[in-house]
């Protein structure tokens with residue numbers, strides 16, 4: 001799969017938040033550097049403080065933040081500049097020859113860059129990148145949805161990537177060009193989307209829409225009440241989590257070439273919002289603050305082997321292999337980030353940053369994966385060889 005970059009990330013609007021020129025600031029008797037300028041948000045004009053760093057002889061700090069190029073940005077379009085340009089981890093310089101302190105490197109990108117309105121460009125003291133990791137690189141954004149992306153799918157045998165959104169549309173993306181190849185208007189908010197083999201399943205209020213991408217067969221599964229928030233496939237069954245707290249199941253019948261109702265699981269008191277099938281069990285998470293385990297057979301047992309805690313709520317999980325086929329977990333949190341972890345150690349592999357929450361993550365072939373956020377934008381990422389992982 002080859003998705004071409006359209007180069008739109010460089011075209012950002014420029015706003016005047018710079019304050020006075022350095023010459024005007026230098027006339028100040030304070031002799032202090034403006035802390036708001038350092039943070040990239042000074043809007044005072046004129047500002048009584050300096051809008052430039054003090055000479056190195058005065059500050060005894062290595063000057064890696066201005067004048068030359070942007071030390072944060074990977075010239076090859078990578079994810080944050082770690083290990084490049086002669087700087088060590090997170091872009092920190094080697095420190096002054098006199099043993100002076102180094103600048104403390106930021107642990108996240110410039111928030112004005114993420115919002116699309118940083119006026120400092122390459123002179124910004126904060127990284128202009130959507131990720132901080134040596135393990136992944138951003139290939140291209142896919143823009144078109146007007147509301148949050150709630151599902152991403154790549155059906156087997158298809159050369160199209162599909163995305164669903166609360167704007168009521170399913171968009172098809174050409175995997176060769178990265179261009180939108182078509183739009184299906186559902187007319188209703190899309191709650192979720194998955195694919196299994198050639199099948200594409202889309203959850204909408206009061207129904208599940210089904211397409212076979214090889215035969216072009218189309219079906220409409222009725223039974224849900226309210227929005228369908230999650231879908232899962234396991235044990236030859238299709239499960240749908242509904243707004244009224246039920247979990248509905250269908251089984252595909254080869255004789256009728258259709259999905260037929262198989263079960264209705266009742267137990268949750270409020271909407272079911274997540275489903276996972278594994279180890280001969282169906283796991284369901286609900287707004288009633290419970291997680292229920294539905295046994296598919298009488299055999300097998302489960303026990304908790306590890307619990308990983310996060311400071312923020314989890315929105316989506318996706319497991320996939322990295323560029324060296326090592327297992328990695330991607331965890332989207334409600335602080336607008338995605339954390340990358342090695343498994344089973346949960347060692348940190350970096351972070352992805354977004355303007356709004358990332359609600360959808362989908363693995364693809366050839367080391368690709370896709371994310372969709374609250375602005376309606378998809379991003380195409382690729383795993384790359386991380387030098388630190390080969391040692």
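The backbone N, Cα and C atoms fix where each Cβ goes, and this holds for glycine too.
The feature region 'Disordered' is assigned by TrEMBL to 1-28 (among others).
The feature zinc finger is assigned by TrEMBL to 28-54 (among others).
Look at TrEMBL and you will find 28-54 (among others) tagged as domain 'C3H1-type'.
What TrEMBL lists as region 'Disordered' is 58-104 (among others).
Residues or ranges marked as compositional bias 'Gly residues' by TrEMBL: 64-99.
Annotation comment: TrEMBL describes 104-131 (among others) as zinc finger. Taken as a whole, the zinc finger (104-131) shows an average pLDDT of 86 in this prediction.
According to TrEMBL, the feature domain 'C3H1-type' maps to 104-131 (among others).
As annotated by TrEMBL, repeat 'WD' applies to 142-183 (among others). Sequence-distant contacts of the repeat 'WD' (142-183) (same chain, six or more residues past either end, CB-CB distance under 8 Å): 1-6, 8, 189-195, 197-200, 202-203, 213-214, 356-357, 359-362, 364-365, 370-380.
Annotation comment: TrEMBL describes 265-304 (among others) as repeat 'WD'.
With helix defined as DSSP H, G or I and strand as E or B, the domain 'C3H1-type' (104-131) counts 8 helix, 1 strand, 19 coil.
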